[in-house]
Amino acid sequence: MIEDLTVSHGAIKAIDAISFSVAKGTLAAVIGSNGAGKTTLMRTLSGLKDASSGRATWMDHNLLHGKPEHHVRNGVSHVSEGKSVIAQLTVEENLDLGALWRRDRNEAKSTKDEVFQLFPRLEERRTQLADTLSGGERQMLAIGRAYMSRPQLLLLDEPSLGLAPLVVEQIFQSIRTIVDTMGVTVVLVEQNAMGALKVADYGVVLNLGVVAARGKASDLIADPAVRAAYLGY
Amino acid sequence: MLKKHPLLTFIFFGFILFLISNRLDELRVYQGATVAVYAIGIASLILLIGYSGQISLGHGALLAIGGYAAALSRIHYEAPIWLTFVIAVLAAAIGGALLGLAAARLSGPYLAGTTLALAIGLPSIANQFSIFGGEQGLYFDIGLPPASLGEDFTQYKWYFWISWSVALIVLYWLRNVMNSRYGRSWRAVRSNDVAAELAGIHVGRNKVLAFTISAGLAGIAGALLAMTVSLVSPGVYPLVLSFSLATGAVLSGVTTLGGVMIGSVTLVAIPEIALAIANRYGSETITTNLPGLLVSALLILTVLFVPNGPVEQLHAKRAKKGHSSHSLIEVTVRVGSKTLSTKKK
Amino acid sequence: MNKLLEVFLIGISAASIYSLMAISMVLVWRSTRVVNFAQAGMALLSAYIGYELVSRTGNFWIALPLAMILGAAFSAFIEFFLMRTLLKHSSQGAIAAIAPIIATLGLLGVIRATIGFIWGHYDRQIEAPLSKVGFKIGENTIAMSPMSLFVLLFVIGLVIIVTIVFQKTNIGLALRASAYAPEIAQLAGIRVSGIRTLGWAIAGASGAAAGILQTVNGTGAISPESLEFSLLLVFGFIAAVIGGLESLPGAVLGAIILGMVLAVVQIYISGTLVFIVAFLLLLTVLILRPQGFLGTKAGRRA
Amino acid sequence: MTASAVLAVAALTVTTVPAQAFNPRSNEPGITATTIKLGITSPLTGIAAPGYNKIPGAMKAYFDYVNANGGVNGRKITLVSKDDQYIPTTAVAKANELILRDKVFALVGTLGTASTKALTSSTQLSRRGIPSLFVNTGWSGFADKKAYPTTFAILPSYQMEAKIIAKFVKDKYAGKKIALIYQDDDFGRDALAGFKTAGLAFDLAIPYASGAQALPATGAGWITRLKAAAPDVTVMFGVSSATTALLGAAAQGGWVGKTQFILGSVGGDATTIANTSRALVPLLTGAKGLSFAPAPTDSSDEYIKLFQTIYAAAQPSQTFDNNVVAGMSNAFLAVQAIKAAGPKLTRKGLINAIETKGATLANPFLTPLGYSTTSHVGATGYWFGTYNSAGALTPDGGKYTVYTTDSGTGPVVESTYKRPAMPAKGL
């Protein structure tokens, strides 16, 4: 639930009074071209950046107050742009990192098994340095790491960046699985608008910091204006 | 006035100083000369830190090169004073260029530590070759003031005039350089290596050039410092001097040359203030320990609360009232380590 | 042959002192990306505290761990009050690159002046708890005494413990993650600022040990501007950089290289050259291999 | 720029006192009918502080004693002491404060060669005619009256010391294997020149960079080289921290009693060594050392006895050592010189008094003073002694045998000098 959210870089408003809301247990895609304010939105929601005004809440939790680690502990995980893994740690260490703050070790272990189920490739490479992974594997690891904290809301920033189309497809499918089978709500930020809208339930189109369009993903795909401006045909 | 007629401003300022030098007692004249020397040293460091993003904790070593070059040219070739200063600038600039070549590859703490190690190693070099006169040093005597200035014209007033003339010329020149193409590209390099590179600025060459010019200025400051104490020796350029200059630069504000006087006056004034306090409470412990405590505490407070210096702070306040002048390039936290990590790849 | 052994032992015992300082610098660097130029000052303060503790308890073996705990507390205090404020206020512009350096230099000055206020500008002594007379092998006394052997074992033990903590424990994982990628660590739910303070605390403990052990292994005397400690800072830094500034084994390796090179120079060439050689060594490493010997790109070793 | 410039000008102006150019023809500064103001700048903090920072306190103690007994020719002496941290630039700044603000009559006992050179030249002591009494440095240059007409040396020069050590070694250890450890800077090189003049060659000479003695393994390195060469005699010409490093490493390397140590005067102060490491003092036992003042432990000496009493009352918490003796002797000689200059005290008169009567003034030193109208050389010799287990240097053969020489090529001779008797109550 986001209302009138405004975020500035110095004098420049990166996001100007945007509002939209996402239903629980659905996948929402936020699309828009470079500089539309997508990443700023994500960083604000996860606590990495301060908002100038407005409100952003998830259930009862105020997303504009507190540091990222605070949000994580309240069920909001963020996978930042550009394969957010730590290259110097092993695959398993990266995953463990996501659950370090959790008290219940057994539950953390079972979560790890879930991740390995979702991404079997990670289990094969559990002792390797994250540095040695391919781009797609890194993205899986990043999502897996975020999932390790058992989030209710998962914020994904451009998971498709720099990946081959086939791999993108696979990642999007996994995200869908996370939403469908595990009941996690996902906000997916994407430049790859078509791919994102195809798997999403709901879509928001950002343009230069303001909401240009929003609605059911299938409706947006059908909307000629959106098609022309963002989907490229 | 400064904006419209910079040259006139400097000349006017020089005239004021001239009048002042006739009014001050001799101790103040001596201290005034020291202020000018510090001002040049600090300006040289600000150029390096504020305009090219490099730090030197061993700036004293560059001052030393200038001082020794001046003294040696005076002793062995009886060079006239002005020439000794020119030689000081050239010698230090050459030293600075060499150091800059190494420094361009380093950043942040690496450079700081390396320059620090240089400052520590310097005395061994002075001791290694007898031409440098060892620990006892060499005299640097610029001679008596010209007789035409009158009998009452003291040596320190002569030093005062020389130091301030040089300081004003240097600051005027620096001001012009800063407003030139070079100045702009340095600032770009400082803000963001990568962005500057993308904008077609040769980062490495710029850094070396900045180091060279900074060293040249340090050289003349070193020669002037040697003049005021009439000696060059490792002890004239101790580590404390390097730290003092860094302190002065931070107190002045590293991003603008406008504040150099604040730093240099503070450096000279602090021992005086400490002495006044100690006299009041009559304790030797205070006299010996207070100056160090004051300088260091001031340094920390400045970095914490006025990180860009008082002058910049003032500008920022003014700018907030009017339109914003913030740069568009967002520099992420801790520039030093960031550039470091890009270097490593 | 015998002389060669001596050179080796001299190099090793010097290296153990350098590495204590280098380890603290590496720990601080890893946790906050700051080279703490006040490290030697903090070590000196710890040595003074050690001196007070030894004279009060009369037992070095109680004083050493106590001083390490106090050193850790002081270091954490500095991180909490100084470095955090610093990051908040001077994280942008030209000052950002040098603010930590300047602040730690300021801290060094404050520490020295404070020591001067409290203890005066006189030498204070800590008696060595172990014999400093070298072991005997047959007729020969070698350049390794129970005291310097203890320092060496202490360093080895410290490196092993810290490495285990870093590699095998959750805290260690958090420490490493925070060092390599603070933002990702934060997003993974780690309280990075707390972890940074912890990193400083460990560095403070190791620095305190460095201060005290350097003192008892050396002359036993400390004074506010002790030359030993200024040199310790610079040589510890050189050792840390040779090793790569990222890696603990690197710091030890750097210290060993530095110690050995200087021992060889001093005994086979000329004692006059030690400072110049140390500087040239630093410069050579920085130019040929800026990431240091063990500071590989992945830099995984703790 | 403008704002801060104005600030700077304001800062300078605010603190301005009415203009008064220095005028050499005015009345003698620093002196009234009842007072004399003297000034000293020396390291109270910094690397050189431990040890040397006792000198001003020792001087003050003696001046206070004199003041309590009526002063000198009816004038009481105040001493203004400044801290120069052993940094020449700071020394110049402090000397300027002493001369221009405190308006001292004369400087006394400034310490350190570079600092003293800088302040003497920069503040133009000779042009202003300001006496600089008894500078605490072993550089022979200050004895040169032509170059330093108002400065008086007091310590024997390093060349003198080296020549006397050379004579001692050649006489006593002829044909033995001799090693030398020296600080590789002008201090040590002055000594090398002296050894060369006196024709003493070393079988092993180990230089060290100034400051390197503070590195962890330096002493051990010396011992390794010494062990290999196995010299009968080892001369140490360095600072006291180097002596400490040497003794410490000798003990650690099991190399005690294998050589005859001879310690130069700078590095041979047992109290300074004790302050650094009490445990090393016993190791001094049997080592040879040299001094020109009576040993600080020699209570049978009338001067030492007096100084001990005065110092114990003034600074009860401090140890009485060579630095204290140096400071008090400086003060004592200054008082004698001022007394000799008579009641109509002027700077010129004081300098004149030292030049004409300096060699005959009462003073604690056991060697003749070289002051004359042509030379400003102070003490000119040394006596040799052996350290006992308490670290006290006691004269060989139970009496002070003094050798004298000069800083040039002159011979080293055994002196027949008899110290003038101490004036009543040491005033």
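For all residues, glycine too, the Cβ spot is worked out from N, Cα and C.
Per TrEMBL, these features apply:
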TRANSMEM  B:7-24  transmembrane segment
TRANSMEM  B:30-50  transmembrane segment
TRANSMEM  B:57-75  transmembrane segment
TRANSMEM  B:81-103  transmembrane segment
TRANSMEM  B:110-131  transmembrane segment
TRANSMEM  B:158-174  transmembrane segment
TRANSMEM  B:208-229  transmembrane segment
TRANSMEM  B:290-311  transmembrane segment
Criterion met for the transmembrane segment (B:57-75) and the transmembrane segment (B:208-229) (at least three Cβ pairs under 8 Å): yes
Two-stretch contact, the transmembrane segment (B:158-174) and the transmembrane segment (B:208-229), at least three Cβ pairs under 8 Å: yes
Remote residues contacting the transmembrane segment (B:30-50) - C-beta distance under 8 A, at least 6 residues beyond either end: 17, 20-21, 24, 56, 59, 62-63, 156, 159-160, 162-164, 166-167, 170-171, 174, 190, 210-211, 213-218, 220-222, 224-225, 228, 244-246, 248-249, 252-257, 260-261, 263-265, 267-268
Positions on the same chain near the transmembrane segment (B:81-103), where near means CB under 8 A and six or more residues out: 54, 56, 61-63, 65-71, 73-74, 111, 114-115, 118, 140, 142-143, 162, 166, 207-220, 222-224
Surrounding residues of the transmembrane segment (B:290-311) on its own chain - C-beta under 8 Å, 6+ positions past either end: 244, 247, 250-256, 258-259, 262, 266-267, 270-271, 273-274, 277-278
Chain residues in Cβ proximity to the transmembrane segment (B:208-229) (below 8 Å; excluding those fewer than six residues from its ends, i.e. six or more beyond): 30, 33-34, 36-38, 40-41, 43-45, 47-48, 51-52, 54, 56, 59, 62-71, 84-85, 88-93, 95-97, 99-101, 103-104, 140, 142, 159, 162-163, 166, 170, 174, 177, 182, 186, 189, 236-237
